[in-house]
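Heads up, the thing below is written out as structure tokens.
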Amino acid sequence: MTETKQTDAAAPRLTSLSHGGGCGCKIAPGVLSELLRRTAPPALFPDLLVGTETSDDAAVYRLNDEQAIVATTDFFMPIVDDPFDFGRIAATNALSDVYAMGGKPILALALVGMPINVLPHETIAAVLRGGEAVCADAGIPVAGGHSIDSVEPIYGLAALGVVHPARVKRNAAARAGDVLVLGKPLGVGVLSAALKKDRLDAQGYAQMIATTTKLNRPGTALAALPGVHALTDVTGFGLLGHTLELARGAGLTARVRYGALPWLAGVEALVADGVLTGASGRNWAAYGHDVRLGDGLPAVAQALLTDPQTSGGLLVACAPEAVDDVLACFRDDGFERAAAIGEMVDGAARVDVS
């Protein structure tokens, strides 16, 4: 999916207008936890199947015995300079949270903040067209939205989906013995940092766009597999952060095999050369005390494992006998690099990497 480039030579680079980009814009997990602790505990609503308790990907509200609504919102500042690609990435990332609950998207609303007197109107329109193109690919309308004049460019979606109440996939239901399966290769944050430093070649940019604009559609089909116990997506807190959420939610230890992890081409060399995001360090500071990195890992391991993923892959915890079906579900939708990367075992709520 491409759009003919009609760039305005006088227009500033989108990434030059923001202090962060993509899911690297997220408030650091430690700070976010502290902020939420200062708010009132949520009231009890019997039909609210998923709320804020386990930092899950979306809210789920039961309408009746056959239907529940999945509701989520996601927006961020530019991770790339091409406005159409920015819109596509942001929309793909927002819809991922619906898929991560096992849901099927049905509707989106656009969330738009733009420096209206700085960016050409055609640039802003291209962002909107990018988001609409992804929603069309997902089979849903962008049915409205809200816009403001802001200092930094911001775009995203509020998205609604549907799921059967019995098929909701939480991030807190993994079981001892489950195998962890990852849907997409890692390293988007590193590539985005390289882009901002003019260190990313055309091939690197192409692979970044390909992975960040690929809808996590398998989530809907995974919800129908009884052997799938827990589901989330890997975004701003990096692989370690979101795996740790699975471990904490289940009260188990997650074991990750570093050698089994799929990486985007070139990211290890870039990190070795000092190209990484500030969010990587903030992530480690927030949760590194609950992670054990084994001896013999490469020097770049910590930075890569905490690298913030924008529009990252689904992370599945499933019974061992369901692994082949889970991998087939991914590969039937073109996720050729989906891989089993570890397992859940009895033990303290932490992540061990070997």
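From the backbone N, Cα and C atoms, a Cβ is placed for every residue, glycine too.
When the candidates D97, D178, D273 are compared with the Mg(2+) site entry in Swiss-Prot, which names D57, D233, the shared residue is D97. Comparing D57 (Mg(2+) binding site) with S147 (ATP binding site), their Cα atoms are 24 Å apart once rounded. The Cβ centroid of D57, D97, D233 marks the Mg(2+) site; residues of that chain outside this set whose Cβ lies within 8 Å of it are D56, A58, T72, S96, V98, Y99, A100, M101, T232, T235, given in sequence order.
In the three-state DSSP reading, D97 (Mg(2+) binding site) counts as helix. Using D97 (Mg(2+) binding site) as the reference Cα, a 10 A cut-off selects none from the binding-site residues S55, G145, S147.
The sparsest Cβ neighbourhood within 10 Å, among the listed binding-site residues (S55, S147), is found at S147.
Cα of D74 (ATP binding site) to Cα of D233 (Mg(2+) binding site): a distance of 13 Å.
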